[in-house]
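Inspection log for the structure reproduced underneath, given as structure tokens.
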Amino acid sequence: MAGEAPEPSAQERAGKAFPVSWDQFHRDCRALTWRLNEVGPFHAVIAITRGGLVPAAIVARELGVRVIDTVCIASYDHTKQGDLHVLKGISEAAMKLGGGTGKGLLIVDDLVDTGKTGKLVREMLPDAHFATVYAKPKGRPLVDTFITEVSQDTWIFFPWDTALSYHPPLRDGAA
Ligand SMILES: O=P(O)(O)OC[C@H]1O[C@H](OP(=O)(O)OP(=O)(O)O)[C@H](O)[C@@H]1O
Ligand SMILES: Nc1nc2[nH]cnc2c(=O)[nH]1
Ligand SMILES: [Mg+2]
């Protein structure tokens, strides 16, 4: 209806912002790898696209894993989660390496929020190890290894989604 306020996005509902720089993200991915090194070795890394591509590259490099596959899932349209769509499943070659159940495979994503994306991929690879860099409380039980937990009402801004811009001084009313 005309004049009705649009429904707030997940990002607007979150309220708190947690911006992450490239440096910080690289450090957090390296920290994640230290933990994963205790769990592996892994035959292959499965990146949940698109957000999982950057951490998967860093983690695979540190762990010396050269087989990387993707599972392509679309859900958030900018900041609002809709139905999950699997645009591309896991390859036959990666499935074979994981013995059909994902044993010895490492699933990587940038974060878990509600856990819906992670749950779907876990169902595809029940025996795989699932790692994310960041986790919110709702999704956390799905993850085997992560580095930093943020509250459910926080929105994480990744360096590939952001740019440096002018910020007004506090005195002039900046938050
Ligand atoms: O735990 P959930 O509530 O399911 O949310 C987590 C997912 O949401 C984001 O991906 P998104 O669907 O925005 O796609 P993208 O990776 O292509 O940015 C993020 O990269 C995770 O994959
Ligand atoms: N960038 C970003 N994408 C998300 N998808 C679900 N939760 C988040 C979040 O906190 N940040
Ligand atoms: Mg994603």
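Each residue, glycine too, has its Cβ placed from N, Cα and C.
TrEMBL: automatically predicted annotations, no manual curation.
Keep in mind that what you see is a predicted model, and the values were worked out from it rather than measured.
What TrEMBL says about this protein:
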BINDING   Arg50, Gly51, Asp109, Asp110, Leu111, Val112, Asp113, Thr114, Gly115, Lys116, Thr117  5-phospho-alpha-D-ribose 1-diphosphate binding site
BINDING   Asp110  Mg(2+) binding site
BINDING   Asp113, Thr114, Gly115, Lys116, Thr117, Trp155, Ile156  GMP binding site
BINDING   Asp113, Ile156  xanthine binding site
BINDING   Asp113, Ile156  guanine binding site
DOMAIN    21-166  domain 'Phosphoribosyltransferase'
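Shown on the structure are the features that TrEMBL records.
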| residue | record | CB count, 10 Å |
| --- | --- | --- |
| Arg50 | 5-phospho-alpha-D-ribose 1-diphosphate binding site | 14 |
| Asp109 | 5-phospho-alpha-D-ribose 1-diphosphate binding site | 29 |
| Asp110 | Mg(2+) binding site | 23 |
| Leu111 | 5-phospho-alpha-D-ribose 1-diphosphate binding site | 22 |
| Thr114 | GMP binding site | 15 |
| Gly115 | 5-phospho-alpha-D-ribose 1-diphosphate binding site | 18 |
| Lys116 | GMP binding site | 16 |
| Thr117 | 5-phospho-alpha-D-ribose 1-diphosphate binding site | 25 |
| Trp155 | GMP binding site | 19 |
| Ile156 | GMP binding site | 21 |
In sequence order, those binding-site residues of Lys116, Trp155, Ile156 whose CB lies under 6 Å from ligand 1: Lys116
Secondary structure content of the domain 'Phosphoribosyltransferase' (21-166), with strand meaning DSSP E or B: 48 helix, 47 strand, 51 coil
Sequence-ordered binding-site residues from Asp110, Thr114, Ile156 with Cβ under 6 Å of an atom of ligand 2: Ile156
By Cα-Cα distance, the member of binding-site residues Arg50, Asp109, Asp110, Leu111 nearest Trp155 (GMP binding site): Leu111
Residues Asp113, Thr114, Gly115, Lys116, Thr117, Trp155, Ile156 [recorded GMP binders]: greatest CA to CA distance in Å: 17
Other CB atoms within 10 A, centred on Asp113 (5-phospho-alpha-D-ribose 1-diphosphate binding site): 24
Pairwise Cα distance for Arg50 (5-phospho-alpha-D-ribose 1-diphosphate binding site)/Ile156 (GMP binding site) [Å, integer]: 15
Between Ile156 (GMP binding site) and Leu111 (5-phospho-alpha-D-ribose 1-diphosphate binding site): CA-CA distance (Å): 9
Rounded distance in angstrom between the Cα atoms of Ile156 (GMP binding site) and Asp113 (5-phospho-alpha-D-ribose 1-diphosphate binding site): 10
Whole-number Å value of the largest CA-CA distance among Arg50, Gly51, Asp109, Asp110, Leu111, Val112, Asp113, Thr114, Gly115, Lys116, Thr117, listed as 5-phospho-alpha-D-ribose 1-diphosphate-binding: 17
